[in-house]
Amino acid sequence: MATDLATPPKAAPKAKKPKRADKVPLGTAVLRYRWLYLMLLPGVAYFVIFKYLPMYGVTIAFQDYLPFLGYSGSPWVGLKHFEQLFSGPDFARLLANTLILAALHILFVFTAPVIVALMLNELRVNILKRSIQSLIYIPHFLSWTIVAALTYVLFAADFGVIAAWMRDLLGDTTKVDYMAQEQWFREIVILQQLWKMTGWGTIIYLAALAGVDPNLYEAARMDGAGRFRQMWHVTLPAIRPTVVVMAILASGNLLDSGFEQIWLMTTSLNREVAEVFDTYVYYAGVQNGNFSYSTAVGLFKGVAGVILIFGSNWLAKRMGQRGLF
Amino acid sequence: MTTMTETKPKQLAVNNNSSAGSRVFDTLNVVALVGLALITVLPLLYVLAASFSSEPEIASRPFFLWPEKIVTEAYEYIFATPTFIRSLLTTVVVTAVGMVVQVMLTFTMAYPLAKRYLPGRTLVLNLVIFTMVFSGGMIPTYLVVRDLGLLDSYWALILPLAINPFYLIIVKSFFQELPQALEEAARIDGCNEMGVFFKIVLPLSKPIIATFSLFYAVAIWNDYMSPLLYITDSNKWTLQILVRQLIATDPAAALSQMDRTWVPPEQGVKFAIIVIATLPILFFYPFLQKHFAKGVLIGGVKE
């Protein structure tokens, strides 16, 4: 503690970056570090082939791509596929479904880990805290297939536990197939996300909370702050930067509904509310072979995501937070 | 003086964390968190119990954690079908091979990136980070995999996911914190960078190798999208695809059981396949848990 006080943070000026080893010609550098470059090669090849080739591949969004003509031979059609998307009957529905799921996600799934982390942080019995943490992390490691399967066996109309409880609760004797019904789709999807993601999401906030100086609580107590006021004035400000960073990251994924989960939960009966950009890309592209149109949909989503992430980063900085970049 | 001695204990009593209000808060908090833990675990325990119970019991009892009579017919049925055995073997092999390939690629790429003096390092790092913000998307990636002739090949389940950029950056940060003196000593003894990497760096990295091996293994084991996209041959189904087929369709059809006289325990099979697909993850969970929090935290550190 004493050393902390002795060297206030301001007193430590940012040291200038140590100068790079004197600039050498490229050839010399390659020769000198040949082993390092050799080690770098497979990884770079991976990123070029599986990340940057597909980025080049988005050019087919502006073509009428035909597999036997290839990227270079297929005719250019400009913005045709984008016009088709924006003026088509599906766009409004896709956008609405995607945005509603995103809004529900932010409202419940994004905030739940913050709340649970605050609750865990107040838990003074260490063994209890650790056991609860270990248990609520588990679903993170289960696949969406398993989560969907669990949902199915719990909600199944004929033998599902939750379906039976709902019947008792509502005094209803009809067997409702929750998995197939439009009106239950969003509730179930958000419940799944809460179950799978909440525990894991707490980790990063708990880490931020572990760094809070206990003296601050002491001081707050001296000033007469109760548990809630301590939480409000000490704990919450301490995790605000983390929340902001997580929010920026989440904003980039706003249009990402999560392909696997939604695809697994989509049935022919709930498609109207279930279909989102992610699943639509698969449906139109891989299943129906409209590669160009489907790529255009994906590109729209990707670009919107990049704009969102940089936009919210800018906003965070405007609001006096640190941001990501 | 007198006022001091009077107010001090009083103040402590009011503001101490063991006041009545504080105790109520603590109690409610514990109750809520225990409830949360139960909601997390009870569905899994119920599935385990139901997988060992008879069809009538699943249909009639709403919720139970112990079957009236332990029955293994669902497991017997599943393990008697070639489809299941094949998909289980496929998944195990793809997971094992994929894990090795992915860990090797990630660690060899992370090491040079950890060398601050390497010309071009920042460029490569930025290109990697950019892929975390923007990607070509599902269809262009699908076309690349197709053009490489990987459709219906098990490599399609491994190579497109070969390096997770988040893991790469965590491993890079880890390498940067290794003591440089050891490497320099090895270099003086005549080791080249390759030798330093294999003889000094990797042995020092055992715990982090174990961590990311498990992470990669879990990701491949759980992957549903890649086999859905790239595998059309039902003989090459993975476990996750089979789980989906069993839950969504009629189990007998999904498992293509030849012996039609044996009626499958329809619900039991669904519970049993969930247990089987989950078991390896839960088996390795304690090992995973030991390391992941640290991994997540290093990942949060900025360059």
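The chain as shown is numbered from 1 upward.
Heads up, the Cβ atoms here are built off N, Cα and C, so glycines get one too.
Fair warning: this is a prediction, and the values are worked out from it, not measured in the lab.
Positions annotated as domain 'ABC transmembrane type-1' by TrEMBL: B:88-288.
Taken from TrEMBL, the feature transmembrane segment covers B:28-49 (among others). Beyond its flanks by at least six residues, the transmembrane segment (B:28-49) meets 63-67, 271, 274-275, 278 of its own chain at Cβ-Cβ distances under 8 Å.
Here TrEMBL flags B:88-111 (among others) as transmembrane segment. Remote same-chain residues near the transmembrane segment (B:88-111) are listed as 154, 157-159, 161-164, 167-168, 171-172, 174-175, 197, 201-202, 205, 209, 212-213, 216-217, 220-221, 236-240, 276 (criterion: CB distance under 8 Å, separation of at least six residues from the stretch ends).
According to TrEMBL, the transmembrane segment annotation covers B:123-142 (among others). The list of residues near the transmembrane segment (B:123-142) in space but at least 6 beyond its ends in sequence, with Cβ under 8 angstroms from a Cβ of it, reads 113, 160, 165-166, 168-169, 172, 229-230, 303.
What TrEMBL records for B:154-175 (among others) is transmembrane segment.
As annotated by TrEMBL, transmembrane segment applies to B:196-221 (among others).
The annotation transmembrane segment is assigned in TrEMBL to B:268-288 (among others).
Packing against the transmembrane segment (B:154-175) from elsewhere in the chain are residues 90, 93-94, 97-98, 101-102, 105-107, 109-111, 113-114, 125, 128-129, 131-132, 141, 145, 201, 205, 208, 212, 215-216, 219-220, 223, 226-227, 229-231, 236, 238, 295, 298-299, 301, 303: each is 6 or more residues past its ends and has a CB under 8 Å from a CB in it. If you look at the transmembrane segment (B:196-221), the same-chain residues 6 or more away from its ends with a CB under 8 A from one of its CBs are 91, 94-96, 98-99, 102-103, 106-108, 111, 157-158, 161, 164, 167, 170-171, 174-175, 178, 182-183, 186-187, 239-240, 280-281, 284, 287-288, 291-292, 295.
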